[in-house]
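> Got a structure for you, written out below as structure tokens; questions coming shortly.
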């Protein structure tokens, strides 16, 4: 019996009795003091949430007040909010293509901040001012690398509001391993330099939202802690609630000091690739009912398939998202949706050269610091775009290709003080090799690789 006792371990965490302070025995099972503490925390948290004790939340807010700041910036006014056409023009400078999505987002963002300014005007109570304006969160649907995150980030830059990005795949229900949804608000608060007022007017972008779709359309009788459970946990935050945010992050504890954040003024933008969603739409409409693109015996090209997918998704209805795995309550809190198109070779070429922070401009600037003038042949730009399109990761592939291409050049050119000019050719791109450096003006012409 003594030999058996020496190998007792917790039935929940697996730690032996030598690794814990106490090991409590039951009929055939054992539990350690650490697991008991964890269970108590989960039960206490559920108890506080169910009671909805506002008094305790207010006390927590007062205790945490030193960690938060008072806003030094005034609330937006109607006159200070850029008009939808101005917003879209600013987006055009940074984001190539996606005209329909930019128009949808410009109107939605304008209405959102107009709503905040309307509520903060402090006008007398009239029938018009008594009308409550509800916010409209945005759902972006599009393939990877098409500009979903960049759109949201550019909007925040223009409006000069805090902006935070969260990954939905890291979130879990309270009480399980992973991040609580309140940690999203903590990121926004940190971006606002712990200024609660500023954070409450910010923008949160939740990426990979399609990855928390439940496994089937029917409600599950088992726990889906990283799918439907996360959707349920996000509902109140998306709609607007006063959330208790632990200032140090991590799991909430019923007795710890928290910062209160009102999410009713925060604009939530959710994005995802939603792979296979077009098939759900086609199934509803009938596969043969949509004849956007002609077919031949050899089948459709990739460009035609991408165009057809975009055309199909323009007929998207909320019920299609339910069938995909989003719960109806979640969809109802994302009333504005926009479908982004896959980037074709022409769009990728434009991304390389046109935006304010285009890759070509970035590398020209880097080499100009070494007194080298960098040029790209039009054929080289086209070859880079072709390779990026082949990799199927959208605009994200462009930087990887250019970094590979420029590695040797960025290594050698700073040490060659006689080189003042260099041209990237199509052959260099296709072979991923560096060419001969350009001689100084007046000497023999460059020989292309």
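Cβ atoms here come from the backbone N, Cα and C positions, even for glycine.
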> When Swiss-Prot marks a stretch as region 'Disordered', which of 50-80, 81-111 is it?
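Within the set 50-80, 81-111, Swiss-Prot attaches region 'Disordered' to 50-80.
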> Could you break down the residues of the domain 'ClpX-type ZB' (1-51) into DSSP helix, strand and coil, giving a count for each?
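Within the domain 'ClpX-type ZB' (1-51) the tally stands at 23 helix, 8 strand, 20 coil.
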> Residue 32 (Zn(2+) binding site) to residue 143 (ATP binding site): how many Å between their Cα atoms?
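Distance (Cα to Cα, whole Å): 47 Å.
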> Between residue 149 (ATP binding site) and residue 13 (Zn(2+) binding site), find the distance joining the two CA atoms and give it rounded to the nearest Å.
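Rounded to a whole number, the Cα-Cα distance is 39 Å.
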> Near the Zn(2+) site, what residues other than 10, 13, 32, 35 in the same chain have a C-beta no further than 8 Å from the centroid of the listed C-beta atoms?
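Same chain, not in 10, 13, 32, 35, Cβ within 8 Å: 11, 12, 14, 15, 20, 23, 30, 31, 33, 34, 36.
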> Neighbours of the ATP site 143, 144, 145, 146, 147, 148, 149, 150: Cβ within 8 Å of the Cβ centroid, same chain, sequence order.
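Output for this site, in sequence order: 142, 271, 340, 394, 395, 396.
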